[in-house]
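J.: Mind looking over this structure? Questions follow.
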Amino acid sequence: HNNKGALCRLPTEISRNVKMATDLGELLVPYMPTIRVPRTGDRVFKSECAFSYDSPESEGGLYVCMNSFLGFGREHVERHYHKTGQSVYMHLKRHVKEVRRVTKLFSNLELNRDFNGVDYEYEDEAKLVIFPDHFEIPLPNIEELPALVTIACDAVLNASSPYKKQEADSWEEEIQVSRHARSLRQQDNGVRIPPSGWKCAKCEMRENLWLNLTDGSVLCGKWFFDGSGGNGHALEHYKETNFPLAVKLDTITPDGADIYSFDEEEAVLDPHISEHLLHFGIDMLQMQRTENGHHTDNHVQPRVSDWEVIQESSLKLKPVYGSGYTGIKNLGNSCYLSTTMQVLFSIPEFQRAYVGNLQRIFDYSPLDPTQDFSTQMAKLGHGLLSGQYSKPPMKSELIEQVMKEEYKQLQRGISPKMFKALVSKGHPEFSSNRQQDAHEFFLHLINLVERNSSGSENPSDVFRFLVEERVQCCQTQKVRYTQRVDYLMQLPVPLEAASNREELIAYESKRKEAEENMRPPPEPVRARIPFTACLQAFTEPENVPDFWSSALQAKSAGVKTSRFASFPEYMIVQIKKFTFGVDWVPKKLDVSVDVPDFLDLNRLRATGLQAGEAELPDITPPIVISEDTRGEKISPEIDESSVMQLAEMGFPLEACRKAVYYTGNMGAEMAFNWIIAHMEEPDFAEPLAIPTYLEPDLPGPSFPTSSVLDNQPPEESISILTSMGFPRHHTIQALKATVSVLLHLLHVQPNSNSDVFYFPRWLIYNDHKICLSERPPKDLGYMYFYRRLSSC
């Protein structure tokens with residue numbers, strides 16, 4: 001063996017089926033222009049195939065292209081050769097043997113197994129392979145190979161991992177300190193940020209909010225295709241003021257926060273972030289992030305048994321193997337990604353879209369498949385469903401591990417580093433190595449699926465449904481019905497409905513007494529909340545802040561209720577287990593919710609305008625238009641970011657401008673509803689004509705009403721939605737929505753071609769370990785996936 005990082009010398013004997021050239025230099029001459037030495041910035045993938053989870057430890061080893069430095073397993077290297085014509089590859093093979101010492105030959109090679117502290121010896125092979133004739137040149141051959149080839153081979157073998165983190169909290173790239181951080185001037189304007197109730201200063205957005213570190217403005221971020229995100233007001237504010245730095249409000253912990261520099265157009269570090277936040281009344285040292293990406297009080301002691309209950313650690317669980325039973329290695333606080341992807345690829349529509357189209361996706365993948373979303377989704381789906389990376393141990397291994405009581409160590413799982421690097425690229429939260437929220441990652445992934453499903457099947461349609469929102473003016477009792485698209489149902493947790501209320505009151509009394517007398521706190525008591533109470537809280541009217549009543553032509557008290565105008569094939573129910581304390585510290589609610597296996601949502605079906613209800617007038621708030629000193633009209637400001645978002649969806653630019661204007665700059669979602677209602681009008685795409693006052697006959701925003709619930713939806717309505725990319729059958733379902741709905745809680749189950757079918761047994765997916773669950777902690781979940789029953 002050679003020292004660490006050196007090329008390993010191999011015997012010169014070659015198997016009978018391998019051709020050997022006598023003059024290596026002459027053999028390589030035609031290929032010299034295609035052989036490159038990795039430069040600074042080049043990523044060398046010598047640990048993982050671009051199309052599979054094969055590695056140098058796999059049976060066929062790994063082939064690294066000596067031009068692009070992409071890695072390919074034995075089943076995929078021929079595809080790359082035929083697509084690119086690149087002939088020279090370095091073949092890496094690692095043989096692993098359990099011994100008492102470790103000798104590492106390939107430097108910076110990430111291992112694809114969980115060693116659990118066991119010592120291993122590696123016997124490494126490296127050689128150049130020339131396609132299509134498979135000439136093999138053992139390495140090293142310093143005396144016989146051209147100098148350039150020797151330098152290139154040495155550089156590949158000693159290259160750092162493409163995912164190597166320079167900082168603890170970065171994933172692909174090192175986040176730099178902003179040049180504005182040390183010289184940032186903060187305004188003494190008396191702004192103090194409250195612990196809750198945040199809202200964009202320019203619209204109604206209450207999510208994806210960013211705090212400008214110069215003046216304390218709270219504004220929304222970028223708008224995404226699925227309607228999440230925001231209206232881009234944070235960026236708009238920077239363009240108006242040149243105030244460069246902003247921090248995302250729900251990412252603040254004692255370790256830092258997600259900070260973005262509009263001027264530098266990237267995520268940055270701010271060494272003085274603690275001082276900058278304290279200027280606006282936020283003490284970041286008193287906050288920490290929970291397992292779901294929210295915050296909790298540093299002084300609260302978590303219950304030790306919670307983690308054990310969730311993992312069923314007190315039980316000896318039986319591991320399972322094969323198709324659908326492949327685990328995902330934890331990459332460091334990446335459980336939010338693992339759980340989301342395991343559930344998504346248990347759904348037939350996702351299996352069919354990516355794994356069912358595997359060969360087509362791979363054949364038409366770009367030259368760099370590591371940067372192609374469909375390729376990496378297909379790769380991940382195949383890795384989870386094929387069973388190729390979840391094989392039961394040999395009998396000898398099994399006996400040995402049982403004797404050592406290390407049964408669960410035999411499961412290795414897959415390591416989705418390439419997938420995480422791609423889907424988190426450019427995202428200030430998911431590109432970090434901190435804990436994140438599974439709900440936020442799910443919506444982020446659905447956004448990527450939407451954007452990459454143009455012209456093909458969109459599997460995320462199985463989650464899409466319409467919500468009917470009824471807003472009522474409390475003074476006039478008049479109402480307005482609107483609809484919006486959503487992907488999950490968020491249920492509040494009414495603590496006052498706890499079934500063990502007396503027990504909670506007694507605990508709180510004991511806790512305060514212990515605190516006053518400096519004694520250890522009592523054992524925490526978890527609130528038990530009936531699921532029916534959560535469902536009831538969902539239906540309760542919600543106050544609408546800053547409601548403008550078109551009936552009164554003024555602001556008034558308003559309430560909003562939500563119902564379902566259509567139902568998806570899979571309903572995701574999120575239990576909102578987080579709240580904010582008066583000290584600005586977000587807290588996780590320690591609750592148990594008795595979530596049922598079957599969920600009947602029929603009573604939450606939308607009704608549309610009811611007999612006896614009067615609609616609010618279909619007009620917008622008045623827009624005051626000033627005149628300059630010459631008496632000429634000055635056009636009112638139009639939110640150009642919303643205009644461009646709509647234009648990117650294919651609508652005429654002038655129509656988008658009118659939609660944003662007539663909805664009072666209330667954001668792209670409201671403007672989108674206006675477009676749907678007015679796109680058949682003859683002047684739909686004509687330029688916007690703005691008067692000096694709001695004429696009474698001007699078209700205001702109008703929205704779909706209960707007519708979409710008729711048994712026979714108009715063909716023109718169907719045509720409008722299908723022309724926008726919505727599948728026809730889903731459009732009809734959304735418009736009719738007359739089928740009775742009964743949902744069944746989805747048990748994660750194997751693919752239909754699995755040798756062993758455990759359903760309806762519950763399974764526990766704990767990172768790379770998959771086992772039969774004995775006591776599934778259904779009451780402690782955060783997100784629940786329900787499948788619509790076909791018989792309903």
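Just so you know, the numbers here start at 1 and follow the chain as drawn.
Every residue, even glycine, has its Cβ placed from backbone N, Cα and C.
Okay, so TrEMBL annotates it like this:
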type    : residues                       : note
BINDING : Cys200, Cys203, Cys220, His233 : Zn(2+) binding site
DOMAIN  : 176-284                        : domain 'UBP-type'
DOMAIN  : 326-789                        : domain 'USP'
DOMAIN  : 637-678                        : domain 'UBA'
DOMAIN  : 712-738                        : domain 'UBA'
J.: Please work out the helix, strand and coil residue numbers for the domain 'UBA' (637-678) from the DSSP assignment.
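T.: Going through the domain 'UBA' (637-678) residue by residue, I get 29 helix, 0 strand, 13 coil.
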J.: How many neighbouring Cβ atoms, not counting its own, are there within 10 Å of the Cβ of Cys203 (Zn(2+) binding site)?
T.: 22
J.: If the Zn(2+) site is taken as the center of the Cβ atoms of Cys200, Cys203, Cys220, His233, which further residues of that chain fall within 8 Å of it by their Cβ?
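T.: After dropping the recorded site residues, what remains is Ala201, Lys202, Glu204, Met205, Leu209, Leu219, Gly230, Asn231, Gly232, Ala234, Gly667.
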J.: So for Cys220 (Zn(2+) binding site), how many other CB atoms are inside 10 Å of its CB?
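T.: Summing over all protein chains shown, Cys220 (Zn(2+) binding site) has 28 other Cβ atoms within 10 Å.
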J.: Within a 10 Å radius of its Cβ, which of these binding-site residues (Cys200, His233) has the fewest neighbouring Cβ atoms?
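T.: Result for the binding-site residues Cys200, His233: minimum number of other Cβ atoms within 10 Å at Cys200.
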J.: Can you break down the domain 'UBP-type' (176-284) into helix, strand and coil residue counts using DSSP?
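T.: Each residue of the domain 'UBP-type' (176-284) counted once, the result is 19 helix, 21 strand, 69 coil.
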